[in-house]
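A quick write-up on the structure given underneath.
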Amino acid sequence: MEDAESTTKDPVDRVEKVTWRDLQDGSFTAELKKLICFAAPMAAVVITQSMLQIITMVIVGHLGRLSLASASFAISFCNVTGFSFIMGLSCALDTLSGQAYGAKLYRKLGVQAYTAMFCLTLVCLPLSLLWFNMGKLLVILGQDPSIAHEAGRFAAWLIPGLFAYAVLQPLTRYFKNQSLITPLLITSCVVFCLHVPLCWLLVYKSGLDHIGGALALSLSYWLYAIFLGSFMYFSSACSETRAPLTMEIFEGVREFIKYALPSAAMLCLEWWSYELIILLSGLLPNPQLETSVLSVCLQTLSMTYSIPLAIAAAASTRISNELGAGNSRAAHIVVYAAMSLAVVDALMVGTSLLAGKNLLGQVFSSDKNTIDYVAKMAPLVSISLILDSLQGVLSGVASGCGWQHIGAYINFGAFYLWGIPIAASLAFWVHLKGVGLWIGIIAGAVLQTLLLALVTGCINWENQAREARKRMAVAHESELTESELPF
């Protein structure tokens, strides 16, 4: 009698483990379809977003090797110190807003988005000062003075784009966490189509040269934020989740920071390890060639990583929604479906990259040495792509569960205690140069993927669903108890 009563009161579905038989009852296929319908347009969104930086590098790169190297350095530095940090902080919404939407606390999404914008804008103030003095800092760090000076000028013109990014990232997650991908898709495609001619005009016709690329990137980020903000304000699709600007946005600052800091640590520790490789390449003999080649490899990896990142975004959203709704079994099935998609994507894209390795360098540069070096690096980039596809989805699972702090510990150990030391040893002591740097990154990614897989296998999904419900009850100011949440 007591057990029956507790079962009625407990809104979380009880499931021991998802077995192979469970995956054959139609739930797996249905979840696979949901993920594909979410991830396919989301992949286009991620690709067009990442292509803004890549197109900028391509257009600037044809001005010459110095322009490509300085723009690469500037974008790498700005990614490390600004864009990655802002994106990482905003990832807190993957847990908070995703679970709030699953719990049908729709208005919380708008409030949380405004809270994130406020916090991220404040963060941009000290970061902009750092960017303004980037050229001097790079010289102090021992970088080539000519590259450092031009990179500093490029970064200064990217400062307006940083503030736009602080608005753009919460808006992106506001739409993503309620599975409204169409506004993101339309906006990203429009901005991309505008960015290409805008960047070309500012670089080649305005007399700004490579500085025009930075200005074009900043303007495109602002256009992106304005378009999404307008859709949020005017569209009827956002009527339930839209919230007015009130003092309530300041009440959620502490909760946002609680999840934002570990989210930022998780993302940044991985992102920074790749960017650190670019900075280390500037200390190698022939720094212009090494920096240009590794920057091309990193941008290629970023572009091809768009599909697994979209799958990870879909998995994170679906898991957080299901946990917020108390559906632990459905959340568990999402993991199997997402990993299946990631494996297929890794094999297809990795094979395609190897097949086109001789053409890859020509997209970014007309310098023969750069083109040949990029072709030599392509097999290593393919291995990185396969590993990133797997760990990307596993990281998405951690975000959906609110386990970003565990992901941060894993990324720190895998890259900074293992991968980066191996990279430095191979590059400077074994004299493998850029190849050695990338092998070290692969070693870190292998350990990262194994540890994330181990953690995912140990998740108790029933407990995760119960914790999500408790979190939503607290967010609802305890006006509703855990069992009274409006599912």
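A Cβ is built for glycine as well, from the same backbone N, Cα and C atoms used for every other residue.
Under the heading transmembrane segment, Swiss-Prot lists 35-55, 73-93, 122-142, 151-171, 184-204, 211-231, 264-284, 293-313, 330-350, 377-397, 412-432, 435-455, citing sequence analysis as support.
Simply put, out of 151-171, 184-204, 211-231, 412-432, 435-455, 184-204 has the most Cβ pairs sitting under 8 Å from the transmembrane segment (35-55). Per-stretch counts of Cβ pairs under 8 Å to the transmembrane segment (73-93) identify 293-313 as the leading one among 211-231, 293-313, 330-350. Taking every listed stretch (151-171, 184-204, 330-350, 377-397, 435-455) in turn, the largest tally of C-beta pairs under 8 A with the transmembrane segment (211-231) is reached by 151-171.
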